[in-house]
Amino acid sequence: MPRNKNAWKLVAFAVLAVAWGGNEFTPMMVFYRQEHVFSRVFVDALLACYAAGIAVALLLSGPLSDRYGRRVVMLPAPVVGLVGSILIALGETNEPLIFIGRVLSGLSIGMAMTAGGSWIKELSTTHFDPTAKPNSGAKRATMSLTFGFGAGAGLAGVLAQWLPAPGQITYIVHILLSIAALVGLSRIPETRQSAHLKVRGSFWTDLRVPSMWNPRFIFAVLPIAPWVFGCAGVAYAIMPSLAQSESSTPIAFSALVTALALALGFSIQQVSHWYIRPNNSRAQQVGLVIVIIGMIIAAWTAKVGSIAGTIVVAVLLGTAYGICLITGLTEVQRIAGPDDLGGLTAVFYAFTYIGFFFPMILTRLSEWFTYPIMLGFGAVMAALALVVVTITSKKFIPAPAEA
C-alpha cells in the first residue's frame, strides 16, 4: 500500500463537501418559511428527515465500511449528496422532491461521517503520515466536518439573501464541490485490510458492535452525544427563528449565527490538545458546563427576543458543540478495536443526531409550553448528564492506542 502523507486531505475535502451540502439548508429554512409555501412544521420536519437519513446511513455504513472497506462506502457519498441537492433545488415548491432531497443529503452525511471519518483516522496513522499524532485522526475528521457545516451555511445565507434564484444558487455551488470531491477521492488507497481479503461471516453479525457496551462509552460518551447537534440545533435552527422579526435580513442573519457557532466549534477543536486528557472526563465536564450556561441564556433570549442574546448563545453553544464532538470521537477511537471502528463511530454519531430532532420537537411542544420553559428544561437535562460524567470521570479508562 503506497504511503502518501497528504492522502487524508483529499478525504477530508470530500467530507467537507458532503457536510457543506448537508448544512447549507439551515439558513434556507428561514427562506422557506418566508415563502409560505410549506407549513412551519414541515420545514422543521425537513431537519428531522435529514437526521433520520443520517441515522440510517450511520448504522449501515459503519459496519459496511468495517466489512468491505472505507473506499467502497465513501466514494458514493458525494454522488448521493449531489443528487440530493439537485432534488432540493428543483423542489422549491414541491414537498415530495424537497423531502427526498433532504433524506439523500442525510444519507450522504452518514456515509461520510462513518466511512470518511474512519478513512481519515487510518490515513492519519504513522504508516501513511509520519507526522501524525495519536489524536490527529479525530481532530482532522471533526474539523473537516465542522468547517463544511459552517462554510456551507454561511455562504448559502449570503447567496440566498442577495443573489437571484435563491432557491437554486446555493445548491449549484454544492454540486460543483461534490464533483471536485469525487475526483479527489478516486486517487486515495484503501486502508481497511479486510477489503482485500475474503470476507467471512454475515453482514448481520457485523451490525453488532461489541464495544458499544464498553462502560467508558456508556458513561463518558453517550451523556454528551445528544448535545453535539443539540447545541447546533438550538444555536442555529431555533434561536434565529425566534429572533427573525428583529432582523431586516433574516436569511443572512441565520447564516451569520450558523457560521459563528460553527466557527467557534472549529476553533476549539484546533486546540483540543489543551483540554482532552486520556485519564479523565474533564473535557466532557467543561463542554456540559458551557451547554448549561448556553441553554440558560437561550431561555432568557427566547423570552426577550434579543439579537445580541442570540449571538451570545451561538458563541456558547458553538463552543460546546466543538468540545463535545471532538471529545466524543476521540474517546470512540480509543475504545474501538480495528474491526469495529466504523461501527462504534456510527453508534456515536447516531446518538449525536438525536439533537437535530430538538427543533421539530420544540416546535410541536410550543403549543403547550413556552420556549423559555423548554430551553430551561434542556439546561436541567444537561446538568443531569454532567452529574453522570463527573461521577465516572476517572473510571473505565481504556488502554492507550497506537497512533
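Backbone N, Cα and C atoms are what each Cβ position is placed from, and that goes for glycine too.
The feature domain 'Major facilitator superfamily (MFS) profile' is assigned by TrEMBL to 1-403. Positions annotated as transmembrane segment by TrEMBL: 37-60, 72-91, 97-120, 141-163, 169-188, 217-239, 251-271, 283-301, 307-329, 341-362, 368-389.
Using a cut-off of 8 Å between Cβ atoms, the transmembrane segment (251-271) and the transmembrane segment (217-239) share at least three residue pairs, counting only pairs 6 or more apart in sequence.
Sequence-remote contacts of a segment are chain residues at least 6 beyond its ends whose Cβ falls under 8 Å from one of its Cβ atoms, and for the transmembrane segment (368-389) they are 219-220, 223-224, 227, 230, 234, 238, 242, 281, 284-285, 288-289, 291-292, 295-296, 298-300, 302-303, 358, 362. Of the candidate ranges 72-91, 97-120, 141-163, 169-188, 307-329, 307-329 contributes the most Cβ pairs within a distance under 8 Å of the transmembrane segment (217-239). The stretch in closest packing with the transmembrane segment (307-329), judged by the count of Cβ pairs under 8 Å and taken from 72-91, 97-120, 341-362, is 341-362.
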